[in-house]
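Working notes for the structure below.
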Amino acid sequence: MKDVQEVIQGLMQELRRGTIIIGVLSQLSEPQYGYSLVSVLEEKGISIDPGTLYPLLRRLEKQELLESKWDTNEARPRKYYLLSPFGKEVYEQLCIEWKNMIASVESLIDHPGG
Amino acid sequence: MEQVNRYIYVVTQKLPKQQRADIERELRGLIEDMIEERVMGGEEDESAAEQVLIELGNPHDLAAKYRSEPRYLISPLLFDTYLSVLKIILICIVLIQIFVFGISFILDPTHVQEQFNHLIRALIFVPVQGFAWTTLTFAFLDYAMRKEKKAGIAGKSGWHPAKLPPIPDAKWEIKQSESVLGIMFTIFFLVLFTFSPHLIGATVFSEGNLKNVIPFFNLEVFREYLPFIWILGLLGLFKDTVRWVKKSWTNSVFLTHILFTIISGLFGVFMFANPELYNAEFMNELVVYGMVEAGSEKLDTLAKIWSLAIEWIVYLIGASTLIEGIQSGVKWIRFRRSHGSKIV
């Protein structure tokens, strides 16, 4: 017998993978560095491991959704990320898609077939 | 902080150079932030650093997340075929080595220690060669196929159901056994020519036992041809691998097949037309081993046959190349007629 919890864990991980990008984009209308973003998301109930977030930030930057700037004035140099104008547009569209998807999935759950 | 440095080194060392410094700096900042948070203004020590590194997880996994797409020498596209071809090649190589060892042992049981050492050396050295060449061939094939696929996706027209290749006609199917046989054949001769050209010759029996082999070839001259034989052998392996992968006649299979036929035919004619290639002492050795008596009529006849054979083998190779070439050419023309000339 497979363990229910184990299967749910695996499926949740897949679900979370898609939502993390929305979560990250949502918090970057103000510049943030990686670790501060981890704390902000944590506070809002989205936990993300820094080892996942840091590579993700770089990938989003490469896709030109984010811009970045090193701040070397502080004691510790930090790389700040900010939503680019292009990223902003993508994020807004993505939110609409997300809401549609939620509506569809909810209607599926509320009116199961069969 | 020594552990932190080592951790960062492991993560960044395999990443592209232009990103390395930036990732290193960012990662160091993160680790320092995390340590600071853990000790809450107290003394920073090694155990806090260790805790943080454990939390960040295996550095190889982290490095993998920084790399954007998986990279392959041989991608899943061809990996299964690669494994089965590799298996056949390695099995062939080992069997042939043992076979050669057996023959040389029967011929000369007194040098068994030497022969055995030779076998062990060959069993170490030759499979490595086989492995390397198979892998190289497949890496190249894989690269070409992925490029083709990428071009198909990126191309303006892209993929379309109308462009799907037709299901191969049973008539144009290449049996897997045919390609496998070709590969085994090539490997057999490569190994034989490389390690035991002295076994290609007339066998001398005495009292029903194999006593000796009188080589047809002058082994020194024969060895000079070895590099070319190897190039040809590898071309042959490439040709059969293409046939194996495509599983049916296509334009590229026809092309490689005809090219290989012509090149190997020309090389064969060139090589066997060299009178120095043959063992000049062949007839004398026949006499020495008591196969024929010196001065007998039988010897005269044999000598005539020997010189005729040397002459005719060149014609034979030339003629069979010509016939095979023309046959394949005609077959290719028929193939193109029945498929239209678009399919590559």
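Just so you know, glycine gets a Cβ as well, placed from its N, Cα and C.
Copied from TrEMBL, the annotated features are:
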- B:85-107: transmembrane segment (TRANSMEM)
- B:119-141: transmembrane segment (TRANSMEM)
- B:180-205: transmembrane segment (TRANSMEM)
- B:225-242: transmembrane segment (TRANSMEM)
- B:254-273: transmembrane segment (TRANSMEM)
- B:305-326: transmembrane segment (TRANSMEM)
Positions on the same chain near the transmembrane segment (B:305-326), where near means CB under 8 A and six or more residues out: 258, 261-262, 264-266, 268-269, 272-273, 275, 278, 282-283
Stretch of maximal Cβ-Cβ contact with the transmembrane segment (B:85-107) [cut-off: under 8 Å; candidates B:119-141, B:225-242, B:254-273]: B:119-141
Contact set, same chain, for the transmembrane segment (B:254-273): CB under 8 Å, 6 or more residues outside the stretch: 225, 228, 232, 235-236, 238-239, 242-243, 310, 313-314, 317-318, 320-322, 324-325, 328-329, 331-332, 335
Residue numbers, six or more beyond the limits of the transmembrane segment (B:119-141), whose CB comes under 8 Å of its CB atoms: 73-74, 78, 81-82, 85-86, 89-90, 93-94, 97-98, 100-101, 187, 191, 195, 234, 237-238, 241-242, 245
